[in-house]
């Protein structure tokens, strides 16, 4: 059963009536460009065929009554009163936060709703289950109140909710790709100007995701620490964000920054080189050069492992296994915020079984964890269904 079918069925079951509004927002996988979004840099994700559906209908009052189908939990809050976090149920922060900032953006939005949420994005896997939920809630509110919000604005409201209400200082990539994704395309996003360049995925190329089942929780601190270190580096270079530092400028002052703070220097090196890799990856894809894309993905993973220090041994092992099977016909790297989660692999379709097999034969035996393997389709962004 799809999330859309599940949400509609559950709504009928919980509220004894038919939903009048159904929305769906996808999760995402990032092919290259990690921890660059909050540095005003470049990223290249695609929306995937896993996401979050919301079914609901307008109420006569200002209350929101929400049922999370996958967690079998309820939440209730009132738009006529101040919306505050409920620390006992983490998921409610994403819903309440978005509704709160929709209200900030559109003060006349006061209509309540009954709604059911259902999703199939693996949780804490680095595939943006939270952004998918935020964008779905934003789109639901926009449709419910007939609000003058673009999909880009909905994405930025989702980011604001995660930053200021949930407490994770994420960038804007996850919400933007969930809102703006294009079927069969990767989307290069300039996270400062919000300009996007759609790049078609060649028909014979597969995007694979492997979930390590090492759980990460970005609110726990490491993510926010990395962001602070990047801000320190930007200040050192006298710029607004590390996006404004070229590779040549970085190399010119690298020794000086390393002497001051070797850890901050490593973080900056990752961001500066990763931005360039994204730009190079767009050209590689446009020319169908999968070997070059694979090299760039390998460099990205090494940089995340050695300079940004956000990988874990299980993730490094998955990347190593996938790369053995893929050879020079594509690439693999960790994807997402880090400290667990998933790897992404891009390779010709005929390599999929070899990648699946080498991981099935070795990963659990070596780590004691069982992976999940997905072949993904690049999908359309948020929609009313």
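Glycine is treated like the rest: Cβ placed from N, Cα and C.
Per Swiss-Prot, site 'Transition state stabilizer' is recorded for 28. What Swiss-Prot records for 34, 35, 36, 37, 223 is substrate binding site. The ATP binding site annotation in Swiss-Prot covers 124, 125, 126, 127, 128, 129, 130. What Swiss-Prot records for 130, 162 is Mg(2+) binding site. Taken from Swiss-Prot, the feature active site, proton acceptor covers 174, and the record attributes it to sequence analysis.
In the three-state DSSP classification, residue 36 (substrate binding site) falls within coil. Of the chain residues outside the ATP site list 124, 125, 126, 127, 128, 129, 130, 27, 121, 122, 123, 336, 341 have their Cβ within 8 Å of the site's Cβ mean position. If you measure from the Cα atom of residue 223 (substrate binding site) to that of residue 130 (ATP binding site), you get 15 Å. Cβ atoms within 8 Å of the centroid of the Cβ atoms of 34, 35, 36, 37, 223 (the substrate site) belong to the same-chain residues 33, 38, 39, 43, 171, 173, 226, 271, 337, site residues excluded.
Here the C-alpha separation of residue 125 (ATP binding site) and residue 28 (site 'Transition state stabilizer') works out to 11 Å.
Inclusion criterion for the binding-site residues 36, 128, 130: a C-alpha placed within 10 angstroms of the C-alpha of residue 174 (active site, proton acceptor); this criterion is met by 128, 130. If you draw a 10 Å sphere around the CB of residue 126 (ATP binding site), it holds 29 other CB atoms from the protein chains shown. Taken residue by residue with DSSP, residue 126 (ATP binding site) is part of neither helix nor strand, so it is coil. When the record's substrate-binding residues 34, 35, 36, 37, 223 are compared pairwise by CA position, the greatest distance found is 13 Å.
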